Amino acid sequence: LQAVKLTSSRTQLPYEYYSLPFCQPTKITYKAENLGEVLRGDRIVNTPFQVSMNMEKKCEVLCNFPNKPVVLTVEQSKLIAERIREDYYVHLIADNLPVATRLEFYSNREEEEKKKEKDVQFEHGYRLGFMDGNKFYLHNHLSFILYYHREDVEENQEPTYRVVRFEVIPQSIKLEDLKADEKSMCTLPEATGSAPQEIDPSKENQLLFTYSVHWEESDIKWASRWDTYLTMSDVQIHWFSIINSVVVVFFLSGILSMIIIRTLRKDIANYNKEDDIEDTMEESGWKLVHGDVFRPPQYPMILSSLLGSGIQLFCMILIVIFVAMLGMLSPSSRGALMTTACFLFMFMGVFGGFFAGRLYRTLKGHRWKKGAFCTATLYPGVVFGICFVLNCFIWGKHSSGAVAFSVWVLMQWVTGGLVWPVTSVSRGGEPSAPLVYLGYYFGFRKQPYDNPVRTNQIPRQIPEQRWYMNKFVGILMAGILPFGAMFIELFFIFSAIWENQFYYLFGFLFLVFIILVVSCSQISIVMVYFQLCAEDYRWWWRTFLVSGGSAFYVLIYAIFYFVNKLDIVEFIPSLLYFGYTALMVLSFWLLTGTIGFYAAYMFVRKIYAAVKID
């Protein structure tokens, strides 16, 4: 048995197992971990529990002095009492399976059915202890129940056993009630007559740590042993929400497409009529701004840099969800998802740089080296800065979630050596070409996007706009549809991040991601069409901002989730929550803004290419 960490959804600060005075083995060895495990705060370490395959243990003392109980100092007692008050869970693993606590309860069925059937759910890890009034009680006896599956073998061979489930029943038993002998064996009291082990934070406490092991045969095959852990949430809600989202989105998409296509056909037919009719009919609508619609916006370098980061995020998220959907990033390989995401973001810098460079050239930009530097540092720099500040607070709390300085250097090398610009100058006088630079260089050298109409020398005056053409109103209107399509999925993702649940429904997530891309693109096209009809040609920045409108709703939902679902009261956990939420909202805005921008850009080029302009 190995220990992973202690976690609490109230503090969001993981701690390593031996941060509390548990029994220690003679030599403590930590497992080598991948980047994802380090960032999650996992510190997998050996424990003194002795468990042998299919061998029962009634009750055994964990520390080797049965006659000498463990004495907790006042400081240790205070620390344990504080962790119990903060609702900490202990996470152990056996054969890479996490320990779970079985919860049985009656569902709201008819009275007769109630008597027959209980609903069973599993909770990750086990509670460190519990409170009764102002008193603290520690779970000092663990009853492990390990389920094994007997593999089919040939007649003369010994049977092969596989561990397929790992449960624990934690108990709190007073020192006087645990009768231990010289051989480290102990006898458990009757369930009714025993008193729990109290931890008084104002004085020294004496107790024994004990455990028992029970084996049961199971029909669960080794391949499906994770199913127990992954069927913890109601799947019906999921299916209902997905079908609901698909129906709503495709219904709205159909209506929007029909309106836009019919209106556009009418517009283009009118604009392309014979000259004599055109002379009598005064130009109006989007054709009027054809000489200004491709006028480069303000701050083209920042716009292209943000869109480059958006492309980088889009490619990374698409590949991660697709690979996870195929089952290659299962929860059994801890930290694999985060490690894959980090490295993919790094390698997708080539695509981000390429798109940013090409767009920057299209917008008449000339300083490509500065543009590449901006693309490589703007979004990663913000992420790095926020994470570093939050990490300092986690360091201050001595949590295992704090990333060590050596790992920061490694991350800096991973993102710095290959993604961030390296300013060393090679013999040719060019900066050495990391991935973003490489992509940017080729993107900038490529032919710029071909705009179908020429831009006039003198900018056209923009008429006064109606109130509903305001940017903020646009953000509110454009964000509803994409957010409505994905908010149920968002609840499950938030639960996975903040309440230590497993997230595994990547098939659903892939579907939701496709719906998000479709709805963002269509909303963006509709918004840019209305804007051009109102003779406002400043669409570049506005489309990017408005398409990311659903990020505003994600922020509102995150605040709602914090107030209603989480029991966080302290300053640092709240800071962590809102810090990481800010990063999620920023990334989501870049992602949806980029999707909307490219859809709108393609649309604008298409409609102006279809109109005959003198």
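Keep in mind that glycine also has a Cβ here, set from the backbone N, Cα and C atoms.
Taken from TrEMBL, the feature transmembrane segment covers 239-261 (among others).
If you look up TrEMBL, you'll see 305-329 (among others) marked as transmembrane segment.
Per TrEMBL, transmembrane segment is recorded for 335-360 (among others).
According to TrEMBL, the feature transmembrane segment maps to 372-396 (among others).
According to TrEMBL, the transmembrane segment annotation covers 402-422 (among others).
Same-chain residues lying 6 or more positions outside the transmembrane segment (472-498) and placing a CB less than 8 Å from one of its CB atoms are 9, 12, 233, 237-238, 241-242, 245, 248-249, 252, 505, 508-509, 512, 515-516, 519-520, 523-524, 527, 542, 545-554, 557-558, 561, 565-566, 577, 580, 592, 596. Summarising the annotation, TrEMBL assigns transmembrane segment to 472-498 (among others).
Residues or ranges marked as transmembrane segment by TrEMBL: 504-532 (among others).
Residues or ranges marked as transmembrane segment by TrEMBL: 544-563 (among others).
According to TrEMBL, the feature transmembrane segment maps to 575-604 (among others).
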Quiz item: Do the transmembrane segment (305-329) and the transmembrane segment (239-261) share at least 3 Cβ pairs under 8 Å, sequence separation 6 or more?
Solution: no
Quiz item: Among 239-261, 372-396, 544-563, which stretch has the highest count of C-beta pairs below 8 Å with the transmembrane segment (504-532)?
Solution: 239-261
Quiz item: Short question: which residues 6 or more past the ends of the transmembrane segment (372-396) have a Cβ under 8 Å from it?
Solution: 13, 301-302, 304-306, 308-309, 312, 349, 352-353, 356-357, 402-403, 408, 415, 419-421, 434, 436-437, 440-441, 572, 575-576, 579-580, 582-583, 586-587, 590
